[in-house]
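Novice: Below are the features listed in Swiss-Prot for this protein:
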ACT_SITE  HIS54  active site
BINDING   TYR57, LYS96, ASP495, GLY532  ATP binding site
BINDING   GLU98, ASN533  Mg(2+) 1 binding site
BINDING   SER99, HIS100, ASN101, HIS102, ARG121, GLN245, GLU317, THR318, GLN319, SER535  substrate binding site
ACT_SITE  HIS100  active site, proton acceptor
BINDING   ASP122, ASP273  Mg(2+) 2 binding site
Amino acid sequence: MSKFIEPSIEEIKLEKLYQDMGLSDAEYNKVCEILGREPNFTEVGIFSVMWSEHCSYKHSKPFLKQFPTTGEHVLMGPGEGAGVVDIGDNQAVVFKVESHNHPSAIEPYQGAATGVGGIIRDIVSIGARPINLLNSLRFGELSVKQNQRLLKGVVRGIGGYGNCIGIPTTAGEIEFDDRYDGNPLVNAMCVGVIDHDMIQKGTAKGEGNSVIYVGLKTGRDGIHGATFASEELTEESESKRPSVQIGDPFVGKKLMEATLEAITFDELVGIQDMGAAGLTSSSSEMAAKGGSGLELHLDQVPTREPGISPYEMMLSETQERMLLVVEKGTEQKFLDLFEKHELDSAVIGEVTNTDRFVLKYEDEVFADIPVQSLADEAPVYVLEGEEKEYNTSKNDYSSINVEETFKKLLIHPTIASKHYLYEQYDQQVGANTIIKPGLQSSVVRVEGTNKAVASTIDGEARYVFNQPYEGGKMVVAEAYRNLIAVGATPLAMTDCLNYGSPEKKEIYQQLIDSTKGMSEACEVLKTPVVSGNVSLYNETRGTSIFPTPVVGMVGLIEDIDYLKDFHPEAGHKLYLVGETRDDFGGSQVEKLLYGKVNHEFEAIDLSDEVNKGEAVKNTIRSGVASHVQTVGKGGLLITLARISAHYGLGLEASIDLSDAQLFSETQGRYIIVVKEGQTLNIDEAIEIGQLTDVDEFKVTNAQSSIVEKVSEIKESWEGAIAQCLTTVD
């Protein structure tokens, strides 16, 4: 008789309990076919999480296959815990972005904190030491108290985990729109550095080699977290609060240091973080990649309390855990290491020469599954898309009130300074941060060298909703420009695809078109995709979020000397690079004045992006520029105001544009601040003004003149978000 009371095989089938776990009738029947029998309760649980959208990408695999994944600098692409890219001198950068959207909607602090912890462990499992964190966040408008609470909880969670573990949060982006009401997006990115000969893989091979568990003892937290992340958010989602994991950054710090020491042991065969689907995914994926079988002895798994069943052990997503495969006979060496770091650890199984994934508790078998069926035989769904009906009417901007529009845009939380939020993050721990959060990409020095890694994370959801194909190209190009703006050579990217339900034809078409655009941009800009994540079913009460592909990109700065005086001063001249057109569809001014997204903006020219990018990068590296800013949300006037306010400098400019064009968001533009006595050699650059030491921001065109005190702009811009949050405890 079994030690654990669970539903019988007959009950699972007759009462269709598998549906509650996330399997459809067809998927359950396929499991029966694979096993040659009906599955027991633990086996159904294992298939349900491994075949969930979150783990199997069953609706998105066809789109992911089109991304370019190889390139001159790529050492390791998709398939492992994170991507690895060469930066010279036998060193590499390791990076990835992951989503933690659904957990953050239910429990914002822990959802965000464990998102940070999970992405850190992905980087550490490759053998890299993390050097910085980034995040991309989306919330509903801050006029809604629930959105204020979500924002405060998420920011506290990010800061609480990152600050405790000692990794600086150096860049990010946050946007607000009512399409994210009840369904915030929390995408966390981590970047690390490693020597080539220390790169690890998550593989289990070598018959008789041992499987070691290390980290927090397994509890009941996070059970079916992967399945929960693959569903729409509903009013019943609150009841799934136990599916949200609990983070412990202090144990996370110990685990990180112990892991980085363990990878120096020659006897280490493979290592993987226990992330989504916990012990199930880490063990079965390692076996599949190693072409081996595994036998786990679950009575040896460290548990937080007695009575935890094999089903619960395998599906728990308790945080701060790693799984290792080590050479037989060397187990004690690793156990002693983990004891030194005050971590629980145990030998819980061994590699076999079969193709079976076998789970035992004492002498009872709780699962016997073909390994490859979990990793490679999940169903893949190719659905039909359908173009949405676009709003093609033209909005009228001819009578725009420049001053009023400027002031309203400046204090909208999407455009306002995020200083109030970022100051809650430790930005300098490690003392290698060169450029902190604010206006630009992050730049972090590679310790012991004169090199630096630049990183950015970006999204353009309104544009992707407007025109998915062009919007997909645009988000990759935006990240590319942001790296160029600090003088970095873009190397590769990671992506997080946040969409609604793929079972809706319009959403599926957005996936088709936007990923096609992203893929084309990656090819032209030579930024292959080396890692990523997909988060679907981001819907609340039947309303989908905007399609929000987020791109994290890294670049290399071979010599940081030019950054020593990369800081604007009074007397430095301002140049605009790039043509300004009447591009308002998807823009912030369109949202402010008309609300809905109009289907109108011109295609992005990727070849022109490359040509301009090289010219701008060379200008920065030659020491001519003291600051470069991409022209982004809100348009040229807002971009100039942000530069002026951020540095506390006056600004005077005369621009040959219409009033409306001051707020146009035409892509591919840069503001270059040129040092006194230097000459800018970019043919299409137009001098538009200069920075001053006067407390005045003055921009004129043929129609209007806007004159404001810089100190007042700075106060409004930097204080807007704090002002929004004063209404919540």
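Any Cβ shown, glycine's included, is placed from N, Cα and C.
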Novice: Distance between ASP122 (Mg(2+) 2 binding site) and GLU317 (substrate binding site) at the Cα atoms, whole Å?
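Specialist: Computed Cα spacing between ASP122 (Mg(2+) 2 binding site) and GLU317 (substrate binding site) is 15 Å.
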Novice: Please list, in sequence order, every residue of the chain apart from TYR57, LYS96, ASP495, GLY532 whose Cβ lies within 8 Å of the Cβ centroid of the ATP site.
Specialist: LEU64, PRO78, VAL97, GLU98, THR494, CYS496, LEU497, VAL529, SER531, ASN533, VAL534
Novice: Max Cα distance spanning TYR57, LYS96, ASP495, GLY532 (ATP binders), Å?
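Specialist: With TYR57, LYS96, ASP495, GLY532 as the binding residues for ATP, the largest Cα distance is 17 Å.
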Novice: Please report the DSSP secondary structure of GLY532 (ATP binding site), reduced to three states.
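Specialist: SS state of GLY532 (ATP binding site) = strand.
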Novice: I'm trying to understand the geometry here, so how far is the Cα atom of HIS100 (active site, proton acceptor) from the Cα atom of ARG121 (substrate binding site), in Å to the nearest whole number?
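Specialist: Computed Cα spacing between HIS100 (active site, proton acceptor) and ARG121 (substrate binding site) is 14 Å.
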Novice: Between the Cα atoms of ASN533 (Mg(2+) 1 binding site) and GLN319 (substrate binding site), what distance do you get, rounded to the nearest Å?
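Specialist: Rounded to a whole number, the Cα-Cα distance is 19 Å.
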Novice: For the recorded positions listed here (HIS54, HIS100, ARG121), tell me which residue's CB has the most neighbouring CB atoms inside 10 Å.
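Specialist: Counting Cβ neighbours within 10 Å, the top one is HIS100.
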Novice: Specify the nearest of the recorded positions HIS54, TYR57, ASP273, ASP495, GLY532 to ASN101 (substrate binding site), where nearness means the distance between Cα atoms.
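Specialist: For ASN101 (substrate binding site), the spatially nearest of the recorded positions is HIS54.
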Novice: Based on DSSP, name the secondary structure state of ASP273 (Mg(2+) 2 binding site): helix, strand or coil.
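Specialist: Going by the DSSP assignment, ASP273 (Mg(2+) 2 binding site) falls within a strand, counted as strand.
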Novice: With Cβ-Cβ distance below 8 Å and at least 6 positions apart along the chain, what are the contacts of GLY532 (ATP binding site)? List them in sequence order.
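Specialist: The list for GLY532 (ATP binding site) reads LEU64, PHE67, PRO78, LYS96, VAL97, THR494, ASP495, CYS496, LEU497, given in order along the sequence.
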Novice: What Cα-Cα separation, expressed in whole Å, is found between ASP273 (Mg(2+) 2 binding site) and SER99 (substrate binding site)?
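Specialist: SER99 (substrate binding site) has its Cα 16 Å from the Cα of ASP273 (Mg(2+) 2 binding site).
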Novice: Spatially, and counting Cα to Cα, which of the recorded positions is closest to GLU317 (substrate binding site)? Options: HIS54, TYR57, GLU98.
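Specialist: Of the recorded positions HIS54, TYR57, GLU98, HIS54 has its Cα closest to that of GLU317 (substrate binding site).
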Novice: Would you pick out, from the binding-site residues GLU98, GLU317, ASP495, the residue whose Cβ has the largest number of other Cβ atoms within 10 Å?
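Specialist: Comparing the binding-site residues GLU98, GLU317, ASP495, the most crowded Cβ belongs to GLU317.
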Novice: Counting only residues 6+ away in sequence within the same chain, which have a CB under 8 Å from the CB of TYR57 (ATP binding site)?
Specialist: LEU64, VAL534
Novice: Do me a favour and check the Cα-Cα span between HIS54 (active site) and ARG121 (substrate binding site); whole Å is fine.
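Specialist: Between the alpha carbons of HIS54 (active site) and ARG121 (substrate binding site) there are 18 Å.
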Novice: Going by DSSP, is the residue listed as 'active site' sitting in a helix, a strand, or coil?
Specialist: helix
